[in-house]
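First up is the structure itself, then whatever we jot down about it.
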Amino acid sequence: MLDFAHTTKEHDETRQGEALLIENNVSKGNGRKLYIESYGCQMNFSDSEIVASILLETGFETTKNYQEADVVFINTCSIRENAEQRVRNRLKEFEFAKKSNPGMIVGVLGCMAERLKAKFLEEEKLVDVVVGPDAYRDLPNLISQVDDGNRSVNVLLSREETYADISPVRLNSNGITAFISIMRGCDNMCSFCVVPFTRGRERSRDAASIVKEAHDLFNSGYREVTLLGQNVDSYKYTAPTIEGQEASTPVNFANLLALVAEVNPLLRVRFSTSHPKDITDEVLHTMASYDNICKYIHLPVQSGNSRVLELMNRTYDRDWYINRIDAINRIIPGCGISTDIITGFCTETEEEHQDTVSMMDYVKYDYAFMFAYSERPGTLAAKRYADDIPEEIKKSRLTEIVAKQRAHSFERLQQFVGKNQRVLIEGFSKRSDKDFAGRNDQNAMAIFPVDERYQAGDYVTVMIESCTSATLLGKIVD
Ligand code: 5AD
Ligand code: SF4
């Protein structure tokens, strides 16, 4: 237990300090309108909520329309070249908007900002601010510099920053499902991946602040949280020891999952992303022992061939991955499994590609994110290996696995047809407000007619009558 009485005075002083800071900062926002658009992974979307929180504290308001914004931020992704190209195209549209709104400040946040740093300001004349993922606390100051007629950059990476004390402002939220960032950065150095360079070293967030965020979300009506990290299985946090007290016990990912699951049995817990080298049986047993930890694991395989996995520096081989899949199926029967796959990595032969295909047949993934290899400047693969697989071969291998995955997704969804599924209603379906949409435990999306007795945030039993390759269709049963 924390000793609150003991720390009250200290807290009062900090509060005053904060109040002063906020007063000074409020003039920076001055009711100006902020627009943020996010690309890439869930972590980026989660970061944008931290950015919004920091700027709302300083007197900004948010808007959903960039044409009426005073500050336009684009939170960017560098993972593949086409992700960066999409951002550049979007910046051109902002350039057009700036012509009729010359005072508009345009900022580039996230991985592309970190990768290109000040070079961005040379390349893209309309960009006023460049901010890396660990420098968001500096945003009010950077915006002030622009107000003073300068362009500003902060791309310092940190070994400590986790934004643990910042309550994210939920953007575009359905009010039911939310992300909680539990760690930042990545230490793995997969040879194809730019993330360790753009997001820096791995660090875990204070467990107590994570549990508090989950509590607060539950009390505000949220019913599902997704714990986010590049490699959640290596989460590890030890609270600083208070003088005169026993040393704190380290919290690993399995412990953290249990702590969050205990917030309330009605709060569903999901997480992403797991790493095949680090996912432990302890995590699997914890998942099995809590009804509210969803039975779904995203376990990127990248390739089904051991030689290619070695070149990718994934630090596991085909047998190890299969062993982890077998453990999941043994400890959590019926668990949903999804993956990431890259086709056409440096020197990949047709035979090695077929190992990926046979891995898909072995696991029968519920879902997969599939990509053609895209060389990223500065990565180990870019330095060590030639990007020697012709584009059309990368694409034809990709087409092959996409078709296979579509068949597997359909097959996996069919297992639910004729069965009752517990579904959390997330809101109306995208197509019609006559239907509700929500997911089952294994993350499959279900669509079913609205029943007036229920609303978003309720758990209902849905009888699944049919499915497409992406969606379950059914009706609520009592
Ligand atoms: N080329 C293609 N796909 C990539 N990914 C990461 N880097 C690259 C790259 N250079 C994919 C991996 C990863 C996912 C987030 O993006 O499959 O798991
Ligand atoms: Fe990139 Fe590998 Fe880290 Fe994932 S685990 S972010 S693929 S380096």
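Any Cβ shown, glycine's included, is placed from N, Cα and C.
Automatic prediction, not curation, is the source of TrEMBL annotations.
These features come from TrEMBL:
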BINDING   Cys41, Cys77, Cys111  [4Fe-4S] cluster 1 binding site
BINDING   Cys186, Cys190, Cys193  [4Fe-4S] cluster 2 binding site
DOMAIN    32-148  domain 'MTTase N-terminal'
DOMAIN    172-411  domain 'Radical SAM core'
DOMAIN    414-478  domain 'TRAM'
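Mapped onto this structure are the features recorded in TrEMBL.
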| residue | record | DSSP class |
| --- | --- | --- |
| Cys41 | [4Fe-4S] cluster 1 binding site | coil |
| Cys77 | [4Fe-4S] cluster 1 binding site | coil |
| Cys111 | [4Fe-4S] cluster 1 binding site | helix |
| Cys186 | [4Fe-4S] cluster 2 binding site | coil |
| Cys193 | [4Fe-4S] cluster 2 binding site | coil |
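A Cβ distance below 6 Å to any atom of ligand 1 is met by none of the binding-site residues Cys77, Cys111, Cys186, Cys190. Each residue contributes its Cα atom, and for Cys193 ([4Fe-4S] cluster 2 binding site) and Cys111 ([4Fe-4S] cluster 1 binding site) those atoms are 12 Å apart. Cys41 ([4Fe-4S] cluster 1 binding site) sits 14 Å from Cys186 ([4Fe-4S] cluster 2 binding site), taking the Cα positions as reference. Applying DSSP to the domain 'TRAM' (414-478) sorts its residues as follows: 1 helix, 35 strand, 29 coil. The sparsest Cβ neighbourhood within 10 Å, among the listed binding-site residues (Cys111, Cys190), is found at Cys190.
Rounded to a whole number, the C-alpha distance linking Cys186 ([4Fe-4S] cluster 2 binding site) with Cys111 ([4Fe-4S] cluster 1 binding site) is 13 angstrom.
Mapped onto DSSP classes, the domain 'MTTase N-terminal' (32-148) shows 62 helix, 23 strand, 32 coil. Under a cutoff of 8 A between CB atoms, and with a sequence separation of 6+ in the same chain, the neighbours of Cys77 ([4Fe-4S] cluster 1 binding site) are Tyr39, Gly40, Cys41, Asn44, Ala83, Glu84, Val87, Gly110, Cys111, Met112.
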